[in-house]
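Have a look at the structure below, then the notes.
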Amino acid sequence: MSAMTAHSRPWFTDSWLRGCPKFFLTLLLAHCISASVTSTPVQALLPAGFATKGLTSHWFHGPVNYKALVIAIDFAVYFFHMYLRYRQYQCYKRQTRPTAIVDLVSEEQFVRSNAYGLDNWWLSCVTSTVNQAMDFVIMYYDLLPWVWNTMGAVLTQHGGLGPEYELTYSMVYFTLFGLHEWLLMLPFGLYDTFVVEARYGFNKQSLGLYLRDLVLDTLLTSTLAAGVIAALVGVIRWAGPAFFVYAGATLTALSWIMFFLSILIEPLFNTFTPLQDGELKEQVEALANRLKFPLAKLYVVDASKHTEHSNAYVDGVFRNKRIVLYDTLVKQLDNEEICAVVGHELGHWKLNHVVKNVLISPIETFIQLYLLSFIVYNPAVYHSFGFHDTLPLVAGITIFYQLYQPVGNALGFATNILSRRDEFEADAFAVRLGYARPLRTALIKMGQKGLSNMVPDPWFSAYHHTHPSLVERLAAIEAAQVAHATATSSEGQPLLSAGSTPCH
């Protein structure tokens, strides 16, 4: 239920590389491929008709300046994002509360919420601009081939690894740019956590804990991301032009498996404690039983060691599912409001939202990989960026994801539409359980304490946010409550009071 915030785009961001789950399992694939392929000369990996020094385009050639095209797309996306930020800036500069939220927040809370949003706005603008400048320098000054050639010379001279070890080269190449991105963004991450979040009382991390989690996260992410790249390069070399079928199926299967195994990763960053016996536990368990939810564990996670933001979620596989409550949520809400939040989360389960998302996500993966096949076999793409003697696939993948930005953004917008619809449906489900009033008060409390922007710019919100705004959700809850009351009355069934305690 927590609101999602927009982050600046890393150099190597794409939707199927997001998140530890897909990284971790794909590393297994990379390991298998590396074990059987890394020591094999690259000529043996190429389909018939392909050469080591170049790749033959199977689809199109043409006098296209791909570097200019990529730079133009990069700047077009940047300026579009800045335009959306400008629209949101106008919302943060409001001096008086909009009519829609006069009854929800005080003038002081409204001013504080806007100040928090404005601080994050400035940080996102600076971060995005620095990223954009670095992207331009890397592309315009041909740093992609320079890094590849320099890295190759070092690996050959000091590691005895020639260019035939393409998977090793690809992993090192990707890791170097990942390290560059990490170092570039580190000051902004520190400022965000220890200045912006601390200024508004949200940050609860010590510097030691922050660095510990950062190092652990970086090691996991960089290792696993390099594994994904090696896997993709290996599959492309092995399968040839039809690689997108094999790579898509493999990455999809691994992502589904990792979805089930993500529970093993979370304890590396937080402690999960069984909810102590008492009224709240009895109420949540009664709600789960009422919906026939196969509850195996009911946990409280120590989110407060990192932040004061609150949330709850449901996960697990088959008959071994769990409900997780942030300790901040338990502290901020009363029992009935917590049940309302849990009812919303169980709505996602009951309405098969998670299953739907798991089934839909491969669509973008296959779209990306299919479009990638038009780029990695086109020598003109590599030549535009300064690659002439060798045409490394990892560079083609990197270039592709710059070209892919408009498509990715459009698909992200479509995904947000579906996500927001799911949130409305889960809210309506909680209303049908009898939680209209406590769900409303819970959302208001969470919005107030989290200093969320309750009336964001509609364009900015639609593009960046996976959740509707508070005002939109409250209006939908009221409409759902009326619809439920009408339907229940027409069926001649007793209406469950919104103020009752359906947990029991």
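Each Cβ is built from the backbone N, Cα and C atoms, and glycine gets one as well.
Just so you know, TrEMBL annotations are computer predictions that nobody has curated.
These come from TrEMBL:
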- 1-35: signal peptide (SIGNAL)
- 68-86: transmembrane segment (TRANSMEM)
- 88-271: domain 'CAAX prenyl protease 1 N-terminal' (DOMAIN)
- 171-194: transmembrane segment (TRANSMEM)
- 214-236: transmembrane segment (TRANSMEM)
- 242-265: transmembrane segment (TRANSMEM)
- 274-479: domain 'Peptidase M48' (DOMAIN)
- His344, His348, Glu423: Zn(2+) binding site (BINDING)
- Glu345: active site (ACT_SITE)
- Asp427: active site, proton donor (ACT_SITE)
Quiz item: So, in DSSP terms, is His348 (Zn(2+) binding site) helix, strand, or coil?
Solution: helix
Quiz item: When you measure from the Cβ of His344 (Zn(2+) binding site), how many other Cβ atoms are you left with inside 10 Å?
Solution: 26
Exercise. Between the Cα atoms of Glu423 (Zn(2+) binding site) and Glu345 (active site), find the distance and write it as a whole number of Å.
Key: 9
Practice problem: Using DSSP with the three-state reduction, classify the residue listed as 'active site, proton donor' as helix, strand or coil. | Solution: helix
Practice problem: Report, as a single number, how many Cβ atoms besides its own are within 10 Å of the Cβ of Glu423 (Zn(2+) binding site). | Solution: 22
